[in-house]
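Annotated in Swiss-Prot:
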- Arg40, Arg46: NADP(+) binding site (BINDING)
- Arg129, Ser130, Ser131, Gln249, Ala250, Gly294, Lys309, Pro310, Ile311, Pro312, Thr313, Arg335: FMN binding site (BINDING)
Amino acid sequence: MLRYLTAGESHGPALVSVVEGVPAGLPLTAEYINRQLGRRQRGYGRGARMKIEGDAVKFLSGLRDGLTLGSPIALLVENKDWANWSEIMSTHPGARTDEKAVTRPRPGHADLAGAIKYRHADLRNVLERSSARETAARVAAGSVARRLLEELGIRIIGQVISVGGVEAGPLSLAPEELEARLEKSELFCADQAAERRMMAAIDSAREAGDTVGGVFEIRAYGVPPGLGSYVQWDRRLDGRLAAALMSIQAVKGVEVGMGFAAARKTGSQVQDEIFYEQGRGFYRRTNRAGGMEGGVSNGEPLVLRAAMKPIPTLRRPLQSVDLITKEPSSAAVERSDVCAVPAACVIGEAAVAWELAGACLEKCGGDSLAELKDNWDRYLSYVRQV
């Protein structure tokens, strides 16, 4: 069983991920994970903290000589900004908790609900953990899963398709061409004309002291039919992937394939007809289902989209109420981004990679990479013969 936990506060000394269930013998390097961490920090519209943090992972356990051991993998990402917060965020009694205390909850954040739930008088005790800074640890864990998927021939590509109401046009690009174009983009958007308009929307929001959201799309190529299951609700692959994407901070909606547009169509306009060709097997000429039917992958590329709301921390804060005095007040202002949709896209890739890797291990198992690949190859051979 593949699982992970993260720990750490936004301005604490570090973030930690503990990953369990990775087969032994998987080649893995810090450089590989650091590349994904670096992609998470990119993106037009990011805030000042991205200039402070240069995220890099340290392996504390689970590897030797560049190979996984099959034991839990502990990954640490240091917070460079800790030097400025060490006394305020100290774990020892006597921390200067009176400094930079937050008592004015921000609409749209976990501040007020978290304070009520955990009985905190200082909202910093909530926002330090609910912060999207935690996603650096998630990307580190998801990168391990992504590396495993590469060994099985599965490729994950994310792209931003909407920012601030500006929509990218549909493009028919091969995965290699799409990936190359996205790496050159400041917003991970393949439509260059739309990207320029998106950047203008971000600039306008920045000047107005506001923020913008958007939509990102994740595609997974090379996924065979048969991952996931229809026999129980919690084993349905589309449900697991949707939950993983919904767990990302500020994501408010997820769709698969046609998604919500399917509700406005007739059945004959939505389903993907089935064809068969000798040497190719079963295939579809359309992929409106997004690569999954009945909670099971069907052999077509997986296609998911997630909608991210505008970041709720605003330089021109909204109305709030002081937690202590109960007096009307403007919401607190913390350092933040104008747009973090590109970062959310990278986090989405990690989330999808994690769930897919888990589904692959459930299907074919293996305590070592060699055993997993043997089982995987036998299954693919069977699929080709059906």
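Glycine is treated like the rest: Cβ placed from N, Cα and C.
Taking the features listed in Swiss-Prot, we show where each one sits on the structure.
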residue : record               : DSSP (3 states)
Arg40   : NADP(+) binding site : helix
Arg46   : NADP(+) binding site : coil
Arg129  : FMN binding site     : helix
Ala250  : FMN binding site     : coil
Lys309  : FMN binding site     : coil
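The Cβ of Arg46 (NADP(+) binding site) has 20 neighbouring Cβ atoms from other residues within 10 Å, across all protein chains displayed.
Ranking the binding-site residues Arg40, Arg129, Lys309 by C-beta neighbours within 10 Å puts Arg40 at the top.
Per the record's binding annotation for FMN, residues Arg129, Ser130, Ser131, Gln249, Ala250, Gly294, Lys309, Pro310, Ile311, Pro312, Thr313, Arg335 show a top Cα-Cα distance of 43 Å.
For Ser131 (FMN binding site), other Cβ atoms within 10 Å of its Cβ number 19. Across the structure, Thr313 (FMN binding site) and Arg46 (NADP(+) binding site) place their CA atoms 13 angstrom apart.
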